[in-house]
Ligand SMILES: Nc1nc2c(ncn2[C@@H]2O[C@H](COP(=O)(O)OP(=O)(O)OP(=O)(O)O)[C@@H](O)[C@H]2O)c(=O)[nH]1
Ligand SMILES: C[S@@+](CC[C@H](N)C(=O)[O-])C[C@H]1O[C@@H](n2cnc3c(N)ncnc32)[C@H](O)[C@@H]1O
Ligand code: SF4
Ligand code: SF4
């Protein structure tokens, strides 16, 4: 069984925001649209929430944050999820603590890793992430340790802004050299990303157009946002172009479980459904109902209103006829 929302979109994936804290301070951080410095669910709570999600057909879990590797019990969280045998279990990290944790993450059952890497220039990396230039080498070391630990499917996340758009080719070369794939992410006007959006936004379509001069289109991810997949210089490049993109939202198959126990139906905006008490009291039926309710409330953020008008006109005409 899979839940379908009012716009015909299946609910396939849960992004679990495991914490609201971070050791970095990226100038664009959206913090998954959740509040800072709030309490967090325990590993057992998260496992229980995943169980309810699996009952309604969600088999794909993404751990994110804040910085998920700051949780001292991150291994236990992964074990709790892994024992329920999901189809996909992945984590997105800034990579700072990856060197220390990579082997244990792999052993605990984590299947995939996305590592944010917005620049290959230590000074610029520090500027973007609000850290010191020494941090860059630690992140690169973490990436190499993750590869050695057995992670075969590592995606580099690059949020493309005016600060780093000149490094897209360098990131492709770096990914090619080390066997990673690359995810180009358009800046989203959420959280800090909203505050400095105008001076930093780059339309990803312009970047993709240039890449297509030497790359080829492999297809779209219909399971997730209809994201285009390209092959450029032998590297798989995934395009996360969200801003003003109705096709992206039409393919939205996700919702978020925030660290303080809300089902957040969209990154950008309410509504959210509170599930903290249902999780804490282990009310499985109540939690399944809350998932169903949140799914009914899901709405695409960017929509092609012209098309929608045309569609509703057709429906009206059919009814009248
Ligand atoms: N607007 C929006 N952005 C999303 C959504 N899901 C993921 N993103 C963004 O996509 C970018 C990449 O997210 P990741 O955490 O690396 O995960 P992912 O690529 O979505 O997931 P996988 O393909 O499973 O690895 C980040 O900027 C996320 O904020 C969504 O539903 N809506
Ligand atoms: C919120 S972070 C949490 C995980 C981890 N701290 C990290 O940075 O990888 C998840 C992903 O969202 C990206 N991101 C953060 N703010 C963004 C924004 N305003 N627009 C687009 N992507 C953003 C990050 O670069 C990262 O790849
Ligand atoms: S994007 Fe990730 S690493 Fe950067 S501040 Fe946000 S949570 Fe921290
Ligand atoms: S509907 Fe909201 S959460 Fe879904 S893809 Fe669009 S912006 Fe993201």
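Cβ from N, Cα, C; glycine included.
Caution: TrEMBL annotation is automatic and unverified by curators.
Over in TrEMBL, the protein carries these features:
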BINDING   15, 62, 92, 155  GTP binding site
BINDING   22, 26, 29  [4Fe-4S] cluster 1 binding site
BINDING   66, 116  S-adenosyl-L-methionine binding site
BINDING   249, 252, 266  [4Fe-4S] cluster 2 binding site
DOMAIN    6-221  domain 'Radical SAM core'
* Listed binding-site residues are 116, 252, 266; which of them have CA atoms within 10 A of the CA of residue 155 (GTP binding site)? -> 116
* Asked: Where the criterion is a Cβ under 6 Å from an atom of ligand 2, which of the binding-site residues 62, 92, 266 meet it?
  -> 92
* To do: Inside 10 Å of the Cβ of residue 22 ([4Fe-4S] cluster 1 binding site), count up the other Cβ atoms and send me the figure.
  => 19
* Asked: What average pLDDT is reported by the model for the domain 'Radical SAM core' (6-221)?
  -> 98
* Report the residues of the chain - excluding 22, 26, 29 - with C-beta within 8 Å of the mean position of the site's C-beta atoms, for the recorded [4Fe-4S] cluster 1 site, in sequence order. => 24, 25, 28, 31, 67, 94, 129, 130, 192
* Starting from the Cβ centroid of 249, 252, 266, which together make up the recorded [4Fe-4S] cluster 2 site, report each further residue of the same chain whose Cβ lies within 8 Å of that point, ordered by sequence. => 9, 248, 254, 267, 268, 298, 299, 300, 301, 302
* Structure fact -> Surrounding the recorded GTP site, with Cβ no more than 8 Å from the Cβ centroid of 15, 62, 92, 155 and those residues left out, we find 63, 64, 90, 91, 114
